[in-house]
Structures are given as C-alpha cells and as structure tokens.
Amino acid sequence: MSLNHVRPWRNIYRRKSRRIMVGDVPVGGEAPISVQTMTNTLTTDVAATVAQVQAAAEAGADIVRVSVPDEASSRALKEIVRESPVPIVADIHFHYRRGIEAAEAGAACLRINPGNIGSPERVREVISAARDHGCSIRIGVNAGSLEKHLLEKYGEPCPDAMVESGLDHIRILQDHDFHEFKISVKASDVFMAAAAYQQLAEQTDAPIHLGITEAGGLMSGTIKSAIGLGNLLWMGIGDTIRVSLSADPVEEVKVGYEILKSLGLRHRGVNIISCPSCARQGFDVIKTVEALEKRLEHIKTPMSLSIIGCVVNGPGEALMTDVGFTGGGAGSGMVYLAGKASHKMTNDQMIDHIVEQVERRAEELEAAPDAAE
Ligand code: SF4
C-alpha cells in the first residue's frame, strides 16, 4: 500500500499524457511506467533472439525492441513475435518496406520516423500498414541523427532542434489521423536529453519514451541514466523507459527497474536495504547482500528486506521493512518480521533462513487482496 498520502515529500505528480497501447501493454495515462530493452542478437538468429527476449521478460521487461534491418529480419520477426511473451517493437530506419513488413509480421509498435521514410506515398503506406495491423508507432528523435535542415538552422544538435524534429514527425502522423504514437528525444548528453524532454513534455500530450542514448557501459551508463532519467521521472515526465547500456539487455531491465523502484514509481521484487558495513558489523554484510541478491532474484512480489550490520541502524530500518536482519554479538543476529523483533538466528544459517522468510512473506503478500502493484 502506498504511504504517499502521509509522506507528501515522496509524491511525484505525473504529467498527463494520452494512453496508447503497445500490444497489450498500455503506455501513458495512468499506466505504470513500462520498462523496455532491446535485443543485440542477429534478428535472423531466431533462437538466440527469442532466448534474449525471454530472459529480458523474465527480468521484468514489459516490452522488447528488435532491429529489423533487412527482409530476412522481417521474416524472422514473425517467428520472434509468435514466441515472445511480451510485445515486440520493430526498430526501422528509413526503409519503408521494412516498416510495412514488420507491421504485417505482428510487431506491436514500429520505431520509425515518418519524416525520414521518403515520399508522401510511402509514408501513407507505412501508416496504413500500422493502422491495419493495430501497430502503434514510436517517433525516435536522436541528437546524433537530426535532419540536415535542422542542423543547418540550429548550427548543431540542441534541444530546440530535437523538439522541432519531433513535432515535425508528430504533425505527419496527425495529418494522417494517426494518434497511436509515443515519442522520444534521446541524446547521449544528459543535459541535452533532459532539456529536450522537458520542452517536449510541454508541447505534446503524447506518451513519452525516455532514454539516454549510448549511455556507456554497465557502471557509467547506469549512473548517467539514473541522473538523466531519474530527474525527468521525478518531475513526472516519462511513460516508458529504456536504459541503454553496452551490456546484456537483462542488465538494462534491472537498472530500469531500480531507477523506478528508487522513485517509488514501480515495485517489483525484493528491495534490499543494507548498510555499507564497518568495523561494527556483526556479520559480513557485503557478502551476505551479494548472496541474497542472487538467491532472491526469483521473487517478483514487491517487498522490502533490511540487512544491517549492527544495532546502530538495524532496528530502525527493520521497523519499515517486511523482513529484517540485524547483526549482533556472538555469531548471531536478530530477525525482524513485519517491523518487529522476532527471533535470533546464527550467522552461519542466516542466508537460508532469510530466503525462507522472504519466500513465506511473498506468499502472504500474494494471497492478500491488495498485494498487486
Ligand atoms: S549499521 Fe552498524 S555495521 Fe552497518 S555501517 Fe552502520 S554502524 Fe556499521
């Protein structure tokens, strides 16, 4: 249950956007902020791509994007869509034929910029294909590939140019009476992306797909995304997110979720609250948290667990968590359940014991009527 009504300093007022559907996943309006990722296998390698989609979905991805660079990929897409547990977005650049093929293959959404497809006739054909197959569209403006006339007008990539590009593409879809679209204005520069998204948010009610593009490796990209996306989400901007990392798509999903969890915007799995540890620790906090993170990956029920080295902060943190463990003396510590001290447990058995307690609590929460996110 949300406690935001008694903790107003935690409130985030989401920008009001239109709701569209990406397959069976609502994006925008009051819908939960969805987490996306993208496969990096060859799309023509159906088995590898499906395995990656499934792994991402298992990690919590609501939507997965797949590149469709050629006709063979369009053919593969059909099989991938059939096998995928989540809606598939087809990533198309320039080739209007690929857009039509992807819509026919069952893509839930096309990532395509209508202004870059070519003649008005081709634009019309792609939009018709999307409409006929219940496919939404994501306009994906990227600071690195802005239209030439905008670069000439503005001199260099900048938020104004990105927003103008986005609004131009929006106009084309609206002129075709097509409204099932969302939009992104990504840049690898956090300042540019944040400024572009803020401007865009004021000029359209379309759902917004957030991303910091080419953010970098797991560590640096996570930090960049947490700062860029975190700030925007905190302002209430963003209906779906993708964290771009030079890493496994599963990591992108995990990072996306962690950003949303930190802001109380989505809840999934065990939120572990742990201390950094110091000389006072009654057990090895770091190793324990590492082990628990792995052992609790299968829990999808939103819940909290505090793992605190000693009584300085342990009882206080345990008050606010579903399950807690606080280190004590003589090789054992105190287990807390629903905020109350429950029983002692020896350090050598505590990991198995905590996993059991968390699994039990997850079952209880699942059985409770208001357990759902
Ligand atoms: S809770 Fe205790 S062990 Fe953990 S960092 Fe604080 S003082 Fe150190």
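Cβ atoms here come from the backbone N, Cα and C positions, even for glycine.
Automatic prediction, not curation, is the source of TrEMBL annotations.
What TrEMBL lists as domain 'IspG TIM-barrel' is 18-257.
Taken residue by residue, the domain 'IspG C-terminal' (271-359) breaks down under DSSP into 29 helix, 28 strand, 32 coil. Residues or ranges marked as domain 'IspG C-terminal' in TrEMBL: 271-359.
When Cβ atoms from all protein chains are considered, those within 10 Å of Glu317 ([4Fe-4S] cluster binding site) total 20, not counting its own. Summarising the annotation, TrEMBL assigns [4Fe-4S] cluster binding site to Cys275, Cys278, Cys310, Glu317.
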Overall pLDDT of the domain 'IspG C-terminal' (271-359), taken as the mean: 94
